[in-house]
Amino acid sequence: METGNQTRLSYFILQGFSQDSENQPILFCLFLSMYLITVLGNLLIILAITSDSHLHTPMYFFLYNLSLADICFTSTTMPKMLVNIQTQSKAITYAGCITQMCIFMVFGIMDTLLITIMAYDRFVAICHPLHYTLIMNRRLCGLLVLVSLLISVTYSLTQSLLTLRLSFCTNWEISHFYCELAQALTIACSDTLINYILLYMVTSLLGIVPFSGILFSYVRIVSSILRIPSADGKYKAFSTCGSHLSTVSLFYGTGFGVYISSYAPSWRGMIASLMYTVVTPMLNPFIYSLRNRDIKRALQKVLGGKLYVP
């Protein structure tokens, strides 16, 4: 980016959901409630897994990291949006926008990779139960999470540095409630070819490779479950991956909605992004706690025995 443009550009304008000041209190209360539920729900999952030694297994280790990533993912966008609604301001500083963009990509990619790793974990548990503890050892689990973080940080920093070189002339309005990379690229007045190439390449890889891995894992899982002779055995085997399958459906369903909405009016894109960035992380704790007796018991301990466990 040229020095003159960088000095002149000090902030972006986030258009947000509504221009009507009368709707702002309603939106503030709605989004604040969603954010608090998301943070509290995922925090309870983290506390439950930490406090119960029976949950110190690979499956819950990955769930712990997923909940942590979901809190960071949602906290990247929601607090700033709530502040803007409350103060009737739509401005975000240039540095704040780039930072938000970078952190958002880190934890968005982390979510994708962790969900893929959890599918592999379920594949090993059901298809190779006798070798599960040998394969999914602590070293491999930690290495998988670390590699996921490194991939996320590497791409996010690369894309952010490429965005820093761009010039923004007169149109500084981003048609979103947060600094989304694709929206920022559309208002740049310098060459964005490299940014778009990297964006589409990584988006395609993260869309195709993880989803293919998840699909392959569940094809093998279903095949193994169908070979179990007893109905009770089939139910127990399927129940161990039912929560994760629900999360996969919700995550990729809303993610696909974000992709489709990129060709639709901006307000539809914002709603789809809200489903992806807030609703999905908010529902994940409910999916895992309502369908998992071990989590329920751990939550009962955390809440002081106030939770009913059937």
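The backbone N, Cα and C atoms fix where each Cβ goes, and this holds for glycine too.
Whatever TrEMBL says is automated annotation, not expert-curated.
In TrEMBL this protein carries:
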DOMAIN    41-288  domain 'G-protein coupled receptors family 1 profile'
TRANSMEM  25-49  transmembrane segment
TRANSMEM  61-79  transmembrane segment
TRANSMEM  91-120  transmembrane segment
TRANSMEM  140-158  transmembrane segment
TRANSMEM  193-216  transmembrane segment
TRANSMEM  237-260  transmembrane segment
TRANSMEM  266-287  transmembrane segment
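Between the transmembrane segment (61-79) and the transmembrane segment (193-216) there are fewer than 3 Cβ pairs closer than 8 Å, counting only pairs 6 or more residues apart in sequence, which means the two stretches are not in contact. Sequence-distant contacts of the transmembrane segment (237-260) (same chain, six or more residues past either end, CB-CB distance under 8 Å): 59, 111-112, 115, 118-119, 122, 125-126, 207, 211, 214, 218, 221, 224-225, 228, 269, 272-273, 275-276, 279-280, 283-284, 287-288, 291-292. Long-range contacts of the transmembrane segment (140-158) within its own chain (CB-CB distance under 8 A, at least 6 residues past either end) are made by residues 58, 61-62, 65, 102-103, 105-107, 109-110, 113-114, 117, 198, 202. Mean predicted confidence for the domain 'G-protein coupled receptors family 1 profile' (41-288): the pLDDT average there is 86.
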